[in-house]
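The block underneath contains the structure these notes are about, expressed in structure tokens.
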């Protein structure tokens with residue numbers, strides 16, 4: 001038994017190390033070395049952009065083969081436990097428990113996926129781990145199975161946890177209803193609420209608890225509404241002296257302290273004056289635009305998530321900011337119409353902060369063809385991906401075939417921000433002018 005226990009302990013340690021290496025590949029390096037690794041990766045991205053621009057006939061080579069000067073990586077104010085949002089899966093663990101709540105190790109191709117508890121992952125705060133552990137305790141006592149593969153049945157699925165510096169904690173539990181009726185669903189929701197408010201899960205001190213019935217991998221509130229089981233509908237965060245309301249599926253930077261540093265830099269690079277109009281594309285809950293509202297004459301935000309727009313409007317009103325307007329809808333539908341009739345003589349500065357999928361081509365085209373936009377700040381969490389396509393579209397020569405009539409932009413400065421310590425990811429702020 002001692003030998004079996006020793007072997008089991010060794011295997012668990014190996015699996016935990018594999019999880020840490022998968023989720024936070026740089027966790028073994030001192031933080032200054034992590035920053036240097038990220039600087040080198042961003043330098044290669046700018047070299048690639050310079051080469052791609054050269055292929056388009058644009059002389060973009062700067063010292064070091066970069067397309068523009070690259071500043072050192074701005075460090076995160078918080079290195080460990082900085083994430084304000086974590087998503088945990090439910091699947092079979094290393095010990096065979098099919099109701100393990102954690103993160104995946106392995107690949108589908110090799111058929112060696114296991115779900116490992118995230119207790120030793122350094123970028124996830126202890127509160128998130130506590131909620132995940134309590135959720136596992138709850139579903140392990142439930143007669144209902146976990147939903148590992150949709151077609152094989154089962155019900156218990158993902159857990160999302162969001163926390164704020166105000167001490168608020170939101171938990172969202174995703175549940176596959178399968179063939180359960182409304183009465184059975186109501187029973188499960190009542191049991192969940194009781195567990196987290198009166199039972200063992202009360203130790204988590206949840207501010208609010210949501211339940212979402214979902215037959216898809218991921219779905220929005222519009223596709224399947226978030227059902228509030230406990231607490232008020234929102235959590236709140238403070239950032240740069242403002243208070244922000246956050247809905248379940250609204251975007252908010254996962255590193256709040258890092259976001260403050262990033263948004264301060266955005267404000268400086270905008271070079272906004274009292275008559276500037278700020279165009280905040282993919283604005284989420286309005287954090288960037290609202291944080292800069294006092295510096296400009298007007299903020300115009302565009303956001304596809306309806307609940308995020310409601311948050312942005314509430315945030316503006318609560319903070320006494322009256323020079324902001326927010327437009328609901330896909331940026332590729334809203335922006336071309338908004339800019340096509342633009343006749344305002346005031347300087348127009350654009351800030352874009354899209355998802356990893358980057359900007360739709362129609363958004364880039366609308367920006368290119370709006371002569372009033374002379375300054376553009378592009379924030380990307382994956383500049384080597386689809387954002388690279390956007391960079392080239394912004395900088396390429398005018399092309400009548402693609403309806404790109406506007407003067408091209410030029411990259412003039414790159415500033416990387418370490419929003420994700422211990423991982424290989426970096427948030428890159430690229431300033432374009434024309």
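Quick reminder: no glycine exception, Cβ is built from N, Cα and C everywhere.
Straight from TrEMBL, the features:
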| type | residues | note |
| --- | --- | --- |
| ACT_SITE | 381 | active site, nucleophile |
| BINDING | 253, 303, 353 | S-adenosyl-L-methionine binding site |
Compute the mean position of the Cβ atoms of 253, 303, 353, which form the recorded S-adenosyl-L-methionine site, and then list in sequence order the other residues of that chain whose Cβ is within 8 Å of it.
251, 252, 282, 283, 284, 285, 287, 288, 379
Residues satisfying Cβ distance under 8 Å from residue 353 (S-adenosyl-L-methionine binding site), sequence separation of at least 6:
281, 282, 283, 284, 288, 379
Identify, in sequence order, the residues in the chain of residue 253 (S-adenosyl-L-methionine binding site) that are 6 or more apart from it along the sequence and have a CB within less than 8 Å of its CB; answer 'none' if there are none.
259, 262, 287, 419
Let me know how many other Cβ atoms fall within 10 Å of the Cβ of residue 303 (S-adenosyl-L-methionine binding site).
27
Between residue 303 (S-adenosyl-L-methionine binding site) and the residue listed as 'active site, nucleophile', what is the CA-CA distance rounded to a whole number of Å?
18
Within 10 Å of the Cβ of residue 381 (active site, nucleophile), how many other Cβ atoms can you find? Include all protein chains, please.
19
